[in-house]
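Read the structure below first, then the notes.
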Amino acid sequence: MFCDRCGLPAAEGAHAECAAARELEPPRYCPDCRRRMKVQVVPTGWTASCVEHGTRKG
Amino acid sequence: MSQILDRARARVLADGVGLDQAEILEILRLPDEALPELLQLAHDVRIKWCGPEVEVEGIISLKTGGCPEDCHFCSQSGLFSSPVRAIWLDIPSLVEAAKQTAATGATEFCIVAAVRGPDKRLMEQMRAGVKAIKEAVDIQVAASLGMLTQEQVDELVEMGVHRYNHNLETCQSHFPNVVTTHSWEERWSTLKMVRESGMEVCCGGILGLGESIEQRAEFAAQLAELDPHEVPLNFLNPRPGTPLGDQPVVEGKDALRAIAAFRLAMPKTILRYAGGREITLGDLGTREGLLGGINAVIVGNYLTTLGRPATADLELLQDLKMPVKSLSATF
Ligand code: SF4
Ligand SMILES: [Zn+2]
Ligand SMILES: [Zn+2]
């Protein structure tokens, strides 16, 4: 529902640039509620947590 | 053939003496046609004075975000509307990250915190973290915790931290345009304390912060004067919400020219490819840099952004017949 890079509604505006940037960035916004997530990057991956919607990994 | 390259060949390659600021500027102004010859010379200098080994390092953010400083390029400053939130890493995860890093063959693991300087809590975390890593993993531990007091320098030495990173980020004349909450001179004084403590000094910066070509040369000359053991070279990856968020990225050819120029300024230092290489130079850039003066890489992810997979860099090193520097070679 929300772009996980810029936090704006995924259905509005263009997010192609966000998608391209996301290849070298972890997500920052929860796609379900657009809260800023707590993101930890480690050498081989990342985890991103929303208080409401739990933790995602990549 | 250009005169400056002849001079560099005669002095830097033959005698291991770096170029001065005016000469570095000449290098940075070389036309595109001269780039292959320049990169070859920088590579020859690196091979002659540093050898074919490549030092591999992993980095980890122990404390992310919420920094009180205002470095205009940084997504971890609490003063900008960056989406990066403050978070601490726990010790078991820190040790796990060190293990993953060691598994790539890396010999260096650098623990980084987004702070002006360490407080008591951070020093306690460091003490516990370094101890736990040393008990579990065979890897050298470096740290980057901002500006230090003499007491903190001594404590880090005692913990067994062997190298300290503190970047000057940019040249002295451009620094006030990039950071206003502390000075270049304050950073320099931390570096002097680190040097005197016996820890290895790691000091570099970021290119593409709006500095002029002249200021890029100034920066290389100032680093050469400091004479660090290692120089990490980053290229700005403009971060949303920061004052430099719309800054154009450094052109690939300018990035390669800069790498070669820094090598010719500091023939014997460890020159490390750090953040932003994927953005500035794309996938091919790593190869070109390693054949143009670079002799160290950060593998895997960075602090808040992602890098290419460690395996891609390691395969490339194999391809280039550049051995990964081993732990026994670093002691
Ligand atoms: S001191 Fe470090 S973490 Fe803090 S804003 Fe500057 S670069 Fe970012
Ligand atoms: Zn978006
Ligand atoms: Zn959510």
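Think of each number as a place in line: the chain as shown, counted from 1.
Every residue gets a Cβ built from N, Cα and C, even glycine.
Values in this document were obtained by computation on a predicted structure and should not be read as measured data.
Per TrEMBL, domain 'Radical SAM core' is recorded for B:52-277.
Marked as [4Fe-4S] cluster binding site by TrEMBL: B:Cys67, B:Cys71, B:Cys74. The Cβ of B:Cys74 ([4Fe-4S] cluster binding site) lies under 8 Å from the Cβ of B:Cys67, B:Ala114, B:Arg239, B:Thr242, each of these being in the same chain and 6 or more residues away along the sequence.
Annotation source TrEMBL lists [2Fe-2S] cluster binding site at B:Cys110, B:Cys202, B:Arg272. In the three-state DSSP classification, B:Cys110 ([2Fe-2S] cluster binding site) falls within a strand.
Cβ packing within 10 Å was compared across the binding-site residues B:Cys71, B:Cys110, B:Cys202, and the lowest neighbour count falls to B:Cys110.
B:Cys67, B:Cys71, B:Cys74 are the binding-site residues among B:Cys67, B:Cys71, B:Cys74, B:Cys110 whose C-beta comes within less than 6 Å of an atom of ligand 1, given in sequence order. Cβ contacts within 10 Å of B:Arg272 ([2Fe-2S] cluster binding site), excluding its own Cβ and spanning all protein chains shown: 23. In this structure the alpha carbons, written CA, of B:Cys71 ([4Fe-4S] cluster binding site) and B:Cys202 ([2Fe-2S] cluster binding site) are 19 Å apart. Listed in chain order, the extra residues whose Cβ falls within 8 Å of the Cβ center of the [4Fe-4S] cluster site residues B:Cys67, B:Cys71, B:Cys74 are B:Glu69, B:Asp70, B:Phe73, B:Ser75, B:Gln76, B:Ser77, B:Ala114, B:Val179. Among the binding-site residues B:Cys71, B:Cys74, B:Cys110, B:Cys202, not one has its Cβ under 6 Å from an atom of ligand 3.
The number of other Cβ atoms within 10 Å of the Cβ belonging to B:Cys67 ([4Fe-4S] cluster binding site), over all protein chains shown, comes to 22.
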